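Trainee: Can you read through this structure? Questions will come right after.
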Amino acid sequence: MAIFCNNVLAALPTQCNPGFLDDLPPRIRKVCVALSRIYELGSEMESYIGDKENHITGFHESIPLLDSGVKRQDVDHVFLRFGRRR
């Protein structure tokens with residue numbers, strides 16, 4: 001979805017240029033303002049996600065992996081069966 005949004009938002013309509021906004025009908029002006037807000041929000045989300053990815057990558061690199069060479073014996077999860085009894 002991010003690729004689709006980037007392609008759409010990167011090419012705002014020429015009618016939404018600040019020089020043309022005064023000449024536009026109010027409804028079209030509202031659409032242009034909404035598109036501008038969506039573009040700003042999208043770029044802020046991309047920068048936030050980029051910051052999070054950098055933080056997570058650094059966090060994972062700082063944790064050493066434990067490799068004892070022994071298969072784990074503990075129970076990590078429980079399988080539950082739902083439905084009718086046979």
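From the backbone N, Cα and C atoms, a Cβ is placed for every residue, glycine too.
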Trainee: Among Phe20, Phe82, can you tell me which residue Swiss-Prot lists with the annotation phenylalanine amide?
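Mentor: My reading of Swiss-Prot gives Phe82.
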Trainee: To which residue among Gln15, Gln73 does Swiss-Prot attach the annotation pyrrolidone carboxylic acid?
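Mentor: Going through Gln15, Gln73 one by one, Swiss-Prot flags Gln73 as pyrrolidone carboxylic acid.
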